[in-house]
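The structure appears below as structure tokens.
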Amino acid sequence: MEDFVRQCFNPMIVELAEKAMKEYGEDPKIETNKFAAICTHLEVCFMYSDFHFIDERSESIIVESGDPNALLKHRFEIIEGRDRTMAWTVVNSICNTTGVEKPKFLPDLYDYKENRFIEIGVTRREVHTYYLEKANKIKSEETHIHIFSFTGEEMATKADYTLDEESRARIKTRLFTIRQEMASRGLWDSFRQSERGEETIEEKFEITGTMRRLADQSLPPNFSSLENFRAYVDGFEPNGCIEGKLSQMSKEVNARIEPFLKTTPRPLRLPDGPPCSQRSKFLLMDALKLSIEDPSHEGEGIPLYDAIKCMKTFFGWKEPNIVKPHEKGINPNYLLAWKQVLAELQDIENEEKIPKTKNMKKTSQLKWALGENMAPEKVDFEDCKDVSDLRQYDSDEPESRSLASWIQSEFNKACELTDSIWIELDEIGEDVAPIEHIASMRRNYFTAEVSHCRATEYIMKGVYINTALLNASCAAMDDFQLIPMISKCRTKEGRRKTNLYGFIIKGRSHLRNDTDVVNFVSMEFSLTDPRLEPHKWEKYCVLEIGDMLLRTAVGQVSRPMFLYVRTNGTSKIKMKWGMEMRRCLLQSLQQIESMIEAESSVKEKDMTKEFFENKSETWPIGESPKGVEEGSIGKVCRTLLAKSVFNSLYASPQLEGFSAESRKLLLIAQALRDNLEPGTFDLGGLYEAIEECLINDPWVLLNASWFNSFLAHALK
């Protein structure tokens, strides 16, 4: 069929048809019947217009080879065969100059004599059927329809055939010839059967009353009525060339598609400014634990009892002093708050029976740290809507921060192995169905790779802290409750261990809405000297509270112990997500699973065992300035887990925006790597959208710098 088309039709027509198909992502070599149909339709449109002119007196005349100098104007404007943007431009200018109503779909011709658009149809079926489908699709009184068939029949709106008998006969003869040529080559039957109807004829379904009003209210912008929107949706072709899509979406849009080459992308611009600071809800790599092994004390499992027991394992407490003040805070209050915690814990121990929870005295330092009475008084809107200068608070633009090296160190640390086991095998949930055998095997392998990982410790710590804080926020709304920060794990030998990281004191927590904030003060133990990277600890006041003896290869050394204190806040919805951090295990397991699936489909057998047990194989982990980093399958599991955990710990609007927008650029770059010749429009706008998310968030800035490494290496 393809050869027939190329022999049978004028090369210009063939070229236009190929272009039209390409615009809709169709291949003339594969969809040969469609190729033939498009060429036929184009040829009929050109024949319809050929030799028809309008003379100086605006009379319609037919000239086949007359005086080339006569002042003649073509009677028909050909719209079919132009690219969509150009075609709409022509339609728009005709409507503007003649005042004819603008059609909803691109017609084929415009008749300057009758002042109307014409839709030409060529059908291999019954002309009446095709005519009805066309009329139903374009739903316009203004556009004239003229249908031809390969059997010499025709049908036109109001039986007005526009052209003289002879011109129409020429078209019918040509169609008959094409049919015979196809039949003689054995192509006709397949061509005849391949014709698909226009959109099915739908009943007119009227919406009235309330539903109609709701429909009119909920239209997207720029649509005046439901009909107007419906026509747009009906006429929208769902696949094909992007220029065509854009010109369909809006007649005003004129996008130029630029090729995306290796030299096209530039690196993302990271912001300048002071280095970014730590903003997680609890310390990560800098946290220090006071631990008890094999806990068996009275009240074991009650957080306050566990905390007091852990505190007693340390003997190096000393008079606290401030070593790194908080720039904006009242630092003596932080110091007093810690002293108050120590004193009140001491009081508990002096009581006969230790209580299950501890509410702190509402001292001035805690009231200050927890922002008590700081919130502006809420006034009912009804009472103040007449105030003339009512306005929202002016809020400052966030200050730009530059990427600091500490966040990469944090990430590296999160990927490392610890010497404790943080999740039991059943943490991901038991099998339900018998088919789950392979899934269980994968889960067990994966769990073995990540159970010792520091990111898993962060998950369990996050789950514990958020659960405890949400519980306290609901159970003791008005109290300044003391909440120990605890985690539980097992040693390599399988012994149970309870760890204390520090304490939280929660403020008033009348949380009605998901986003209502509860303030808290966190006090966390650490051996990290804050003076080494003061920019990281901008939001903290750091005290030195003791000396710890550490065993090293050269014997025991004494190191100062610090307490990192800061005011922080969270909300019900954030705590809910924090409680569900175990989902990170599932997310990274699914990513690993898709890698195994890809491998298995190549080898045509389940590759789970080989995947995890072949220790010699390395896998790509990520990009760094040095190039693609590779590592063992365990390292891949832990890296994916750490990414998922950091997305949770450092969740923010900046991260949401960056992930969504940078993904577009990533897909374009991937397409270039796969030699798919991607094209783009408004690449500058995409860069702008990505870069407006690069403000001051450490995790987003790190991801942006990784993205730059990827761009540099991917497109070499």
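Cβ from N, Cα, C; glycine included.
Database features (Swiss-Prot):
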type	residues	note
BINDING	HIS41, GLU80, ASP108, GLU119, ILE120	Mn(2+) 1 binding site
BINDING	GLU80, ASP108	Mn(2+) 2 binding site
MOTIF	124-139	motif 'Nuclear localization signal 1 (NLS1)'
ACT_SITE	LYS134	active site
MOTIF	184-247	motif 'Nuclear localization signal 2 (NLS2)'
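All features noted in Swiss-Prot, drawn onto the structure.
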| residue | record | DSSP (3 states) |
| --- | --- | --- |
| HIS41 | Mn(2+) 1 binding site | helix |
| GLU80 | Mn(2+) 1 binding site | coil |
| ASP108 | Mn(2+) 1 binding site | coil |
| GLU119 | Mn(2+) 1 binding site | strand |
| LYS134 | active site | helix |
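The highest number of surrounding Cβ atoms within 10 Å, among the recorded positions HIS41, LYS134, is found at LYS134. The two recorded residues, ILE120 (Mn(2+) 1 binding site) and the residue listed as 'active site', have Cα atoms 9 Å apart. Per-residue pLDDT, averaged across the motif 'Nuclear localization signal 1 (NLS1)' (124-139), gives 86. What surrounds the Mn(2+) 1 site, by Cβ distance within 8 Å of the Cβ centroid and not counting HIS41, GLU80, ASP108, GLU119, ILE120, is the set VAL44, CYS45, ILE79, PRO107, LEU109, ILE118, GLY121 from the same chain. A sphere of 10 angstroms centred on the C-beta of ILE120 (Mn(2+) 1 binding site) encloses 22 other C-beta atoms. Within the set of binding-site residues HIS41, GLU80, ASP108, GLU119, the entry lying nearest in space to LYS134 (active site) is GLU119 (CA atoms).
Non-local neighbourhood of GLU119 (Mn(2+) 1 binding site): PHE105, PRO107, ASP108, LYS134, ILE138, THR143, HIS144, ILE145, HIS146, each in the same chain, at least six residues away, with C-beta under 8 Å from its C-beta.
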